[in-house]
Each structure stands twice: as C-alpha cells, then as structure tokens.
Amino acid sequence: MRKKIVAGNWKMNLDYSEGLALFSEVVNMVNDEATGNQQVVVCSPFIHLHSLAALAKGYSNVAIGAQNAHQAESGAYTGEISAKQVKSTGAEYVILGHSERRQYFGENNELLATKTDTALKNGLKPIFCIGETLQEREAEKHFNIIKSQLVEGVFHLDADAFGTLVLAYEPVWAIGTGVTATSDQAQEIHAFIRKEIAAKYSQAVADATTILYGGSCNPKNAAELFGCADIDGGLIGGASLKSRDFTDIVKAFN
Ligand code: PEP
C-alpha cells in the first residue's frame, strides 16, 4: 500500500524561534492524526532543519525535509547547501523542482535531473514537483508539459531509485493564488501521471508511487481532493503556516 503524505512547505517564512514554536504546536497536534502508512513531512528553511529533525525523532509519523539542495556534491558554491549537508541535519526529504525554483532561479528539467541524482545518492527522498502554468493549460499543453517534466526530470532513474521518490502535481496557477484545481482536474492529471509511470516502469511501480496534490489546498477542500483514487495527499504552502489548518488537512485523510 503506497504511503499517504501531507507535506508542509514553509517557503522563506518564519525566523528560527518562530519555526520552532510552530513545529512544536504542529507535532503535538498531528502525531495522533497521522496513523499507519500516513506521514507528515515539514519542509522548513535550512536554518530550522537540525532542530526540527531532533524534535521529530520522538514522533513516529513526522519527518523533516528541505526545500532545495545543490546538484554538486560539495565545492566552491558560496551560499549554497549540499544534499549531504541536508542529510546530516537529520532531514529525510527534499523538495525539488518547485515551480518557484523553476520560475525565479531558472531551474530546468536537466538541472533537476542532476539534483535528483545527487539527492538520492546522499540518501534523501525527493518530493519532485511538476505542473503546468495557466498559459500552458489554456493552450491545452498541460499533458505534454507534465510528460516532459517526468521524462526529462526523473525517468532516467532505474525502478529502484524511482521507487524512493514522491511526486507532487502542482498546477502553477493554483499555487498561492487561492484557486484550487477541482478534484476532477487534479484526479485527471494524477491518473495520467500514474499511467505514464506504468508505461515507463510497471503497473506495480505506478501503484506504489505516492503522488501529492499541491495548490491552495486548505481544510475545506482537502477531504475531497484526498478522496480521489490517485491523490495520495498534499503539498501545502500557505496553510502549513497555521498549525490548526495544517492539522485539519492531515485529518482530512480520515
Ligand atoms: C506550494 O508552494 O507548494 C503550495 C502548494 O502553496 P499553496 O498551498 O500556498 O498554494
């Protein structure tokens, strides 16, 4: 049975003590809600990772992730953070390919394929984001865009390596906009992604892959989205900064 995940993406919010305070609230509230094969992942800024990972040790269903890691193993890249450094904090996950990284930092599929390799080599589990812009959807290119993000970003992996990934479908037009994809729109793309994975690897690999939805997910729409056959949870931006909202989204599994 594939893992069900609700992952929070704090983005570039919260100073050190604010992050610790929010996490303390969140872990106490979510730990009893996430049961069995459900997992909660908090993807914080780098400055929080080590402290949060230490706190998360006491909670079986809570893990920590970073929001980026560099493609090189180490070296003269002033200001960057390597996958090995992220892993050494106790973090387990790393978000790669978020549309804000693609848009503001010029990260393309080719670079993301290398970042994925480096993250996997260092024992991190990538939460690999894909999704189309509004323009691409209106031009009816969304299936092609998503397929090329998969093919160029992660389909070079062998089945074992691919099996450690979590995918997140995040339509760019739904991120931080308050506009959510309808559950039909999201399910249609998730089913498409799973079909592409089955064609590339096998039905067994496709059935085992966790595919999250992200884009203005909130306590009101989470249950309907998570109730779809191919949606295995969410990647949550804005609502992950409010402990009550985030917990209510985790509860939406039940
Ligand atoms: C995100 O940044 O991954 C995201 C889904 O943001 P929001 O929930 O705020 O739309």
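From the backbone N, Cα and C atoms, a Cβ is placed for every residue, glycine too.
Annotated in TrEMBL:
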- His98: active site, electrophile (ACT_SITE)
- Glu170: active site, proton acceptor (ACT_SITE)
- Asn9, Trp10, Lys11, Gly176, Ser216, Gly237, Gly238: substrate binding site (BINDING)
- Task: Look up Gly238 (substrate binding site) in the DSSP assignment and report helix, strand or coil.
- Result: helix
- Longest CA-CA distance among Asn9, Trp10, Lys11, Gly176, Ser216, Gly237, Gly238, per record bound to substrate, angstrom: 14
- binding-site residues: Gly176, Gly237, Gly238 - member with fewest neighbouring CB atoms within 10 Å: Gly176
- Where the distance is taken from Cα to Cα, which of the recorded positions Trp10, His98, Gly237 turns out closest to the residue listed as 'active site, proton acceptor'? His98
- Query: How many other Cβ atoms are found within 10 Å of the Cβ atom of His98 (active site, electrophile), counting all protein chains shown?
  - Reply: 28
- Message: So if I measure Cβ to Cβ from Lys11 (substrate binding site) and keep only same-chain residues at least 6 apart in sequence, which ones fall under 8 Å?
- Response: Gln67, Glu100, Gly237
- Query: For Gly176 (substrate binding site) and the residue listed as 'active site, electrophile', what Cα-Cα distance in Å is obtained after rounding to a whole number?
  - Reply: 13
- Cβ packing number for Trp10 (substrate binding site), 10 Å threshold: 21
- Message: Within 10 Å of its Cβ, which one of these binding-site residues (Asn9, Ser216) has the largest number of other Cβ atoms?
- Response: Asn9
